[in-house]
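Written below as structure tokens is the structure these notes are about.
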Amino acid sequence: MAAPKVAVVGAGVIGLSTALCIVETCPSCSVTVLADQFSPNTTSDVAAAMLIPHTCPGTPVHVQKQWFKETFTYLFAISNSAEASEAGIHLISGWQVFKNAPKEELPFWSDVVLGFRPMSKAELQKFPQHRFGQAFTTLKCDCPPYLLWLEKRLKATGVQMYTRKVADLWDLHGEYNVVVNCAGIGAHQLVGDEKLFPVRGQVLKVHAPWVKNFIRDGDGLTYIYPGIQRVTLGGTREKGSWSLSPDPGTTKDIFDRCCSLEPSLRGAQDITVKVGLRPSRQCVRLQKEVLRQGGVKLPVVHNYGHGAGGFSIHRGTAKEAARLVAECIAALQGFSSRAKL
């Protein structure tokens, strides 16, 4: 058969990474990215994008760890290259602090990040409200630069990108041999996934260049993540809320919570507010499906539902999705060669 045509629906970090992994795994493919929004208007552009995994209850821990390890290894290599600044990726050290010692003193990802250890008593004096803490070095992405860097990589390999709202995956039948659904929260409507729900996140981006270390409250709600240009302050987790409008009361609450962890933030300037809807479900949907209408088939690979932890595992799940696309193409090529016989 001619070069198989693959459409990737969605241009957030999951869609762009998946498209890149498909190009790397199946170089004979023609890959197109279709999305109604590209950076800087995607959910990924709002993400804090720290590589600290969020546990998915429906996914085996060893699988989550593999996805995280692959992502960390990939981004660590970029952070150690001449492209680090353009890609917006850098190493960052800091602390995760707890009011009470967590059940697991060693999270499953502790040997993937760098230098993971319990905090000393002297370090804990910085956080008088907290009794236990962990210190480590991890990676941070600055989202718009990273998404633009991925787009540039894709264009260099000949991938086409079009602004197009896909309302039904069947609309792509006839144009493409395989469709990859990376629609994020859009999959709720696109494929009618009732298990997918939004978790609204509101964050502040501030100018506070003196803040060099990340600080994360162990409950995951309050965090201070310095980027290359701005510091991200968070956050909220509002399950089931579809509102993209910033809430002034929430802004004040986030700022006050972050200042209680890092009082110097009272001097932060140029505060902007961002809102995003995390695409959440019990587990990431990462699987093949064959859609059928009459005698017509459309192979689909789903890769969405990463919730709050998409950046931490994006490369790992993209590699897995690309492997599934390769299986779909092999099945199609087997079918076409049998048809010729």
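Placement of Cβ uses the backbone N, Cα and C atoms for every residue, glycine included.
Feature annotations, reproduced from TrEMBL:
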BINDING   THR43, SER44, VAL166  FAD binding site
BINDING   TYR223, ARG278  D-dopa binding site
DOMAIN    5-324  domain 'FAD dependent oxidoreductase'
SIGNAL    1-19  signal peptide
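Feature map: TrEMBL annotations on the structure.
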| residue | record | contacts (Cβ under 8 Å, 6+ apart) |
| --- | --- | --- |
| THR43 | FAD binding site | GLY12, GLY184, ILE185, GLY276, LEU277, ARG278, PRO279 |
| SER44 | FAD binding site | GLY12, VAL13, ILE14, CYS143, LEU147, GLY310, PHE311 |
| VAL166 | FAD binding site | VAL9, LEU34, ASP36, LEU172, ALA183, LEU190 |
| TYR223 | D-dopa binding site | ALA48, MET50, PHE214, ILE215, ARG216, ASP217, THR232, LEU233, GLY234, GLY235, CYS258 |
For the domain 'FAD dependent oxidoreductase' (5-324), what's the mean pLDDT in this predicted model?
96
